[in-house]
Amino acid sequence: MLQLATYLHSQGISITIAQYPNFNSPDSSNHPELTFLPLSSGNLSVADISGGFFKFIQTLNHNCKPHFREYLVQNMSSDDKESIVIIRDNLMFFAGEIAGELGLPSIILRGSNAVMLTASDIIPQLHQEGRFPPPDSLLQETIPELVPFRYKDLPFIGYPIHQTLEFSITMMTPKSPASAILINTLEFLEQSALTQIRDHYKVPVFTIGPLHKIVTTRSTSILEEDTSCINWLDKQSPKSVVYVSLGSLAKLDEKVASEMACGLAMSNHKFLWVVRPGMVHGFEWVEFLPDSLVGEMKARGLIVKWAPQTTVLAHNAVGGFWSHCGWNSTIECLAEGVPMMCQPFFADQLLNARYVSDVWKTGFEIVIEKGEIACAIKRVLVDEEGEEMRQRAMEIKEKVKIAINDGGSSYDSFKDLVAFISSL
């Protein structure tokens, strides 16, 4: 959202960002050109996500709505009303409700891929037909309405069905009338899903990805980045390092984390591993590492608490990315032409992993067993298969460059977006 706001401001549009002080919000002093509105989220904090994601989002929306509505009413004269447009994250449905109540146009920004919206749209239908939650016999089957994705790739499998349906209907699909939909993707990456969305919603759909390549801002990371890892990468051979990062939310059992460590050690290849404090259940940081591996891992790799990911992926030493396949990580990886080892956990990560392995063919899903991990790293860094994946990833990288430059699809989409906002 900050990247989008920065771009729109550069095009002469006045921007106010509603933010939640309890949630690692950007430092307003770093962005004097923007106005920031702190919203009251009650006593809610990031730690409350552990109580359940659905409940967390519902509570956040409930707590923020009154303050946001009051701000708009107090600062909106009859003249101002004609110039106010609300751009909201798709999970912040309260902003869409307020826009409807006050007669303001609203635009939805989706930070996930396009197919996440189409998948969420069909879940209620699949449930009515007895196909969601999918029985075991269907898990490996392709969903006819969502080729080439399988039932096992659907988001929210394993969640209580009533919560999933409510999330799909109330939160994930824009039921409040929206003037347009923005998606951080590219036309050539998701043509089928984008066609379905445009046919279904009948509103302009602007593909404005990858945002991190189009708009340069200060780091938007919610964790402090350890930039010393770049100096370490500078000393490594080209395409010799596997970069491992499972995002900012995933939690691992000790057994899984130890298996990952053993696999990295067995591979005999260099690695840069992001282990967030508290990422492994029951441990503050890397205390889970077997004593027998500590020396070996220090000699071959580097473990950091957080890394400047876009800089790491662009580094010549990085030959593969072992990822949870969050959409930001996926599109950042594609933009640098790096093959992926996929370890998805939830939400759109399963869909992204399927894209990587079966559509774009720039990576594969990894089995969490030390021997399998060692073989997977070899596949990416050494084997001919890895080189073929790298070539396909580099082809996508070149297409991304074309898309974000003058005359490209994302470049033109941004220009069209500015004209559209100005017309509202």
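Glycine is no exception: its Cβ is also placed from the backbone N, Cα and C atoms.
What Swiss-Prot annotates here:
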- S248, 306-307, 324-332, 346-349: UDP-alpha-D-glucose binding site (BINDING)
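Listed in sequence order, S245, G247, Q309, F321, S323 are the same-chain residues at least 6 apart in sequence whose CB falls under 8 Å from the CB of S329 (UDP-alpha-D-glucose binding site). Comparing local CB density within 10 A for the binding-site residues W327, F346, the maximum falls on W327. Sparsest Cβ environment among the binding-site residues A307, I331 (other Cβ atoms counted within 10 Å): I331.
Here the binding-site residues are S248, C325, D348, and the one whose Cβ sees the fewest other Cβ atoms within 10 Å is S248.
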